[in-house]
Amino acid sequence: MGLKHTSNLKSASCQDRDNMIFLVFYVFVVLLGEFCSSCSCAQVYVVYMGKGLQGSTENRHDMLRLHHQMLTAVHDGSLTNWMLGLSMEKAEASHVYTYSNGFQGFAAKLNKQQAMKLANMPGVISVFPNTKRSLHTTHSWDFMGLSVDAAAELPELSSKNQENVIIGFIDTGIWPESPSFRDHGMPPVPTRWRGQCQRGEANSPSNFTCNRKIIGGRYYLRGYQTEESGQSRSAIKFISPRDSSGHGSHTASIAAGRFVRNMNYRGLGTGGGRGGAPMARIAAYKTCWDSGCYDADILAAFDDAIADGVDIISVSLGPDYPQGGYFTDAISIGSFHATSNGILVVSSAGNAGRKGSATNLAPWILTVAAGTTDRSFPSYIRLANGTLIMPDIAAPGLNILAAWSPAKEDKHFNILSGTSMACPHVTGIAALVKGAYPSWSPSAIKSAIMTTATVLGNKRNAIATDPNGRTATPFDFGSGFADPIKALNPGIIFDAHPEDYKSFLCSIGYDDHSLHLITQDNSSCTDRAPSSAAALNYPSITIPNLKKSYSVTRTMTNVGFRGSAYHAFVSAPLGINVTVTPKVLVFENYGAKKTFTVNFHVDVPQRDHVFGSLLWHGKDARLMMPLVVKVDTAAKA
């Protein structure tokens, strides 16, 4: 009996030991699985939740708590979390950013399953990976007609106008000691400015300072460092808004650099150089580091720029082709909410050069292509995607001399090419227009630049795109090459407001629920008349699938003289009959609006896109609209 009892005790002891070994092994496997899922397979995701609630600090704290709760929910439910109670700690540790000014959302380090859980939560519009963006890597202003003499003669170019314009540059930072950014003779910083000047980390050799020219500087490292875990902080040259690569200084000086008497690069380009709006203010938002720029950081910069009070945001970077949807793309999201807050966003179209390879395609962005200073393109490019005319505009982008960072190479100026260089040319023009007309909406400024562009080369010949002389089309240059002088007096404009962009979203398939999440108001698609994307009041017209006949309506606003009359002249696309009704528009007063209709009818179907234009000619101004048509295959039968 005793032996039997002892044997049972031994059996029980062995069983307990086996159970304990199994439990330890199971916990180890679960911990190992969680380690793999949370570390090796995890990356930063952006969770976009629509319009921000711009309010008190308490509101932002409430939003942060909400984000932590959402993260806790996706970290919860595993054995280890139940045993160790780590859900909240893991949620907070995974959090990277909260966005709460211009829009709502957050960035966090997650595995794919956790990201999918978040995507299905109420209030979430989209969840997308923290994608790395690429940089779209000056006598040009004289070539464009903006000489020092012209600046002295035109009241619209008054330095007083420029002094109140604040441009935010989302880029690699800025070199504040550059002579292009001195503040001599500039008045105090506008009182409406709400931004910061971050000096940087104490152990970083930076000592970044602002002045009356560079009035703000911020840097965003969390998204980059979370993804680039192999790079230590000590390996980063300047943990501050200071520019270590030169790209940000270059773009900022093209748009708004002060006059530098002897600007040259190794003896090239010797002479005076300046930016387009030399008295405008600059705010630098450093999101790009040694290996690129990440979405989480870019969105944080947009969020702050909206709250800081910038007038224009210049973005010389973008996604790789092909680009995702409007609300799974950081620049598209940031620019949508910037535009909704009255801020124009100017961005580069990219340098890929393939058919359909343009990026930053949203209609609320002013998208810029690069050409040479004699209005040609250095290589074969065809950027549009066939649905929208993109880019919107072209500007010089080849061999542009501008400021540089001596941290990169021991030089203060450099010559670069690319749409990165074209974008700030248009940013500078936009700053001039904003200074002359402070109350104009982003779309009004965009319209003024697009409708006054030229489609002729510097010898009044057709613009070519490659050494073989292929004639360029709107898919290459949009509305044409920007003309800063004419943009200041456009005569009439095509205006659009947030409500128009909401209708555009409805026309391309967004429903009431999605629209409400994006706008956080009572907007509804069901309350709007059915329309197509072509109905957006845009300074160009694209018909991607014309079936026999189609009509498009546009509304123009007079910003010229009272009693101005404009006559319509059509250069129809090949094989298409185009009529305009009415053919004459008379504007009785400043601000008067007139609507016209353009009817397209297929006469002789063509295989590819065909191009034309609509010219509105007045006594004091002329407005050109590109027309692009692609006949639907069914219409050819």
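Each residue's number is its place along the chain shown, starting with 1.
Keep in mind that glycine also has a Cβ here, set from the backbone N, Cα and C atoms.
The transmembrane segment annotation in TrEMBL covers 21-48. Per TrEMBL, domain 'Inhibitor I9' is recorded for 44-136. According to TrEMBL, the feature domain 'Peptidase S8/S53' maps to 163-479. The active site, charge relay system feature in TrEMBL is assigned to Asp171, His247, Ser420. Here TrEMBL flags 536-629 as domain 'Subtilisin-like protease fibronectin type-III'.
Spacing of Asp171 (active site, charge relay system) relative to His247 (active site, charge relay system) is 7 Å (Cα to Cα, whole number). Residue counts for the domain 'Subtilisin-like protease fibronectin type-III' (536-629) under DSSP, helix first, then strand, then coil, are 0 helix, 61 strand, 33 coil. Across the domain 'Inhibitor I9' (44-136), the DSSP tally of helix, strand and coil residues reads 41 helix, 29 strand, 23 coil.
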